[in-house]
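Novice: So TrEMBL says this about it:
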type	residues	note
SIGNAL	1-26	signal peptide
TRANSMEM	66-88	transmembrane segment
TRANSMEM	109-129	transmembrane segment
TRANSMEM	179-201	transmembrane segment
TRANSMEM	207-234	transmembrane segment
TRANSMEM	255-281	transmembrane segment
TRANSMEM	293-314	transmembrane segment
Amino acid sequence: MYCCKSSSTLHLSFLLFTCPSSKVMSVNSSSSCDALYIPTYLSSSSDTMYCQLHTCLTSTLGASSIIVFSAINTLLLLPLSILVLCLGCRQRQRSGAAMSHSDVFTYHLAIMELVNVLASFLSCCGIHVNMPEIVMPGVFLFFINLAGQMWFHILTCVERYLAAVHPITYLGLRAANGIRIRNITIGCVWLLSCGWTYFLYLSPISYAIFSLVTLGFIMIIDSFCCLSVVCVLIGPGPSDRPGGGRHVDRTKLRALHTIGAIMGVLVLRFGGNILISTLYPTALIGNEYDKCSLILCLYWICLPSSLVIPLLFLHRAGKFPRCKTNVALKYPRKMRVT
């Protein structure tokens, strides 16, 4: 009896060392999810977003995808986020004045992207060393970044809207009370982003629908801000003369470009969520390979959202080639339109 148990143990150990890690983890993925990661008071089955994502990442397709995603994050987001934070510290040391609200949102978004880089690194390492305990914090950190992007994007849009459409109110918000409101709002965004990880315990369809509703609400706010800025640009200004030329403020143009760029990446994420929520439960996606491909789209559709705000910040700072000479020519303080 003892010999049988020892021989079976040796046989299992031999299988663990000889079989590929992705196959071993895919076989035990549902049981490991049930035993380690899904609390009984939240879910009684393994059909949750986290378990589906965990199973997908431990497959051959998921492992290859996370390697490429981690490499892109390291090459693009890591230096970009560090550069944004270094510029912010240098600007604070030189001027000593209060920073604009949009710049503060950009710095926090850069910190969010560093969290994203750490999440992809942990997921990649956990998958390839066959340690689900390392994959779990990587997935949770990624979903924190997933939510933080949306909220900081909409805060940037609202801030640019106030600067272009309601400049007096905006100047009032730059005082001490406005800074206090901004800091409280940023704290709430971080709390909401951490709370977003709760939806990992929902099914993929429920998560996609909830994310779709949230993104739709955010896009409505973004569209309202964009249309309001366009109406201000089209309408006559206080310095315009009847029958004369019309002056366009540089601040309003920058606000329109920023809101438009954010709206573009939000449309991409909105379309991706529609694709996932529509195709995932249909008969067209019948095998696990296709379902895994849809789930991995969550990673890739967020990549433009990670780049848009830092790139706009570096463009305003004149850090791109030929930007220092072209920005002043492209955006004079007052443009005369006839």
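Note: Cβ is positioned from N, Cα and C throughout, glycine not excepted.
Describe the structural context of each listed feature in the structure shown, including burial, neighbouring residues and relevant distances.
Specialist: Taking Cβ pairs closer than 8 Å, the transmembrane segment (109-129) reaches residues 21-22, 25, 57-58, 62-63, 66-67, 69-70, 73-74, 77-78, 80-82, 84-85, 88, 135-142, 144-145, 148-149, 152, 193, 306, 309-310 in its own chain, all 6 or more past its ends.
Long-range Cβ contacts of the transmembrane segment (179-201) within its own chain (Cβ-Cβ under 8 Å, at least 6 residues beyond either end) map to 38-39, 42-43, 48-50, 53, 98, 101, 104-105, 108, 112, 139-140, 143-148, 151-152, 155, 173, 207, 210-211.
Counting residues 6+ beyond its ends, the transmembrane segment (207-234) has Cβ neighbours under 8 Å at 49, 150, 153-154, 157-158, 160-161, 164-165, 199-200, 248, 252-253, 255-256, 259-260, 262-263, 266-267, 269-270, 273-274, 276-277, 280 in the same chain.
Counting residues 6+ beyond its ends, the transmembrane segment (293-314) has Cβ neighbours under 8 Å at 52-53, 56, 61-62, 65-66, 69, 72, 76-77, 80-81, 83-84, 87, 103, 105-106, 109-110, 113, 116, 142, 145-146, 149-150, 152-153, 156, 204, 257-258, 261-262, 264-266, 268-269, 272, 275-276, 279-280, 285, 320 in the same chain.
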